[in-house]
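The domain 'Major facilitator superfamily (MFS) profile' annotation in TrEMBL covers 8-388. According to TrEMBL, the feature transmembrane segment maps to 12-31, 43-64, 76-95, 101-120, 132-157, 163-182, 213-235, 247-266, 275-291, 297-314, 335-357, 363-383.
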Amino acid sequence: MTPLEKRAGISLASIFALRMLGLFLILPVFAEYAKHIPGGQDLTLVGIALGAYGLTQACLQIAFGMASDRYGRKRVIVFGLVLFSIGSVVAAWAPDIYWTIAGRCIQGAGAISAAVTALAADLTTDAHRTKVMAMIGSSIGLVFAGSLVAAPLLYAAIGMSGIFLLTAVLALAAIAVVLWVVPEPPPLDLHAHLPKVRFAQVLGDAQLLRLNLGILLLHLIQVSMFVVVPAALIQSGSLPLPEHWKVYLPVVLASFILMVPAIIVAEKKARMKQVFLGAIVLLFLSQVGLLLGRRDFLAIVVMLLVFFVAFNILEATLPSLISRIAPPQAKGAALGVYNTSQAFGLFLGGALGGWLAKHIGPQAVFALAIGLSVIWLLVALSMRAPPVIAMREYAIKPHVDLAGLRARLVGLPGVRDAVVEPEKRIAYLKVNLEGWDEGPLRSLLGEAS
């Protein structure tokens, strides 16, 4: 990667990390905190407070992405972070659960995920874009892991209001990164020569629909779990909330170690679909274990480990699958729908988890997760194995005319995308290895000469 691409990747990953840290810090402790504020005894309202962020984000995600196309990425991102910071202050001040819900709604209104992702695409060549997206994705995973450990400790030290105020400060820090660290994007459309893909085609693509349903269900299960898991840890093991990090730290660290072999097999051995389906099965088993062992402290800990292994694998593979399946000229739209589905899953998880926990009990939350896992598995079974994509690099000889070369390269069978660097006279090709034949490429280079 070029120095500019490295700077873009690190700075954009830090923006995501600062914002997501503010959200994830709330997840492990809010349900217990809410018991001590007016209206917080109603688990339905607690669930809505946890998920309200996702509802407004889902509603505004695509609008923010479109606004970033018109008014500029940085302006829209800064505006979204300001909204997020205001919402955090409202939630910190909130005297009851209703004002907390209002604050969470304002937080979610700063729906910048699609704009940040689009900015990452603007600042990177296709040859290195996957690496930058991986940096952003891994930062979110690490922040989620760190927040599970830090949240109970921070709650003991500064309370829930302090955590909300901390999220406001983190949002302001992210604004500083946007203004003074993130490079300025070039006014460039790398896919202008490709035929346009209608938004309805992206919405209706069967393969993308499966993945969008998957990310929705994954985050629905994640948030609904944390409506009831903190109380289960307290009741089954007499473990006070500030000490929950003693469970989360080893569980999360072990889950990262255990996910590595699965990711290696998926990528290096071209077994993405098999690993993906296996992770959904693990997700199902974790919820069965939590349902049956919800009163046993050790069983809860073991099942949390199984859950986080599955969650980490799925969280890493879903964006990769989106990038492989979506047409290059519609990748932004596909990611916008994906992010919207994720946010809507957050809302549904909080709302449904809270309602079920209140009216039936924690067992209903885990039963719901079991049913949704089965549905997801059945849907994913019919998914086509994703194409095996690889990068190829070719030197361009001095006598080759570069005019129009990229458009002709992209037109070759099996070529997903191409980038021509005139200064280095190098062509980077993203190719589908299934049936890939270099013959036409060699012929094209011969014709160009």
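The backbone N, Cα and C atoms fix where each Cβ goes, and this holds for glycine too.
Where the annotation comes from TrEMBL, it is an automatic prediction and has not been curated.
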Cβ contacts the transmembrane segment (163-182)/the transmembrane segment (76-95), at least three under 8 Å, sequence gap 6 or more: yes
Long-range Cβ neighbours of the transmembrane segment (76-95) (under 8 Å; 6 or more residues past either end): 15, 19, 22, 37-38, 64, 67-68, 102-112, 115-116, 119, 160-162, 164-165, 167-168, 171-172, 174-175, 178-179
Same-chain residues near the transmembrane segment (101-120), Cβ under 8 Å, at least 6 residues beyond its ends: 8-9, 12, 15-16, 19, 23, 45, 48-50, 52-65, 67-69, 73-74, 76-77, 79-84, 86-94, 129, 132-133, 136, 164, 167, 171, 182, 185, 332, 335-336, 339, 343
Any contact, the transmembrane segment (247-266) to the transmembrane segment (297-314), with at least 3 Cβ pairs under 8 A: yes
Positions on the same chain near the transmembrane segment (43-64), where near means CB under 8 A and six or more residues out: 23, 26-27, 30-31, 34, 76, 80, 97-98, 100-101, 104-115, 219, 223-224, 226-227, 336-337, 339-355, 357-359
Proximity of the transmembrane segment (12-31) to the transmembrane segment (213-235), 3+ C-beta pairs under 8 angstroms: yes
Chain residues in Cβ proximity to the transmembrane segment (213-235) (below 8 Å; excluding those fewer than six residues from its ends, i.e. six or more beyond): 27-29, 31-32, 43, 46-47, 50-51, 54, 241, 244, 247, 280, 283, 287, 290, 294-295, 297, 300, 304, 307, 311, 314-315, 318, 338, 341-342, 344-346, 348-350, 352-354, 356-357, 362, 365-366, 368-369, 372-373, 375-376, 379-380
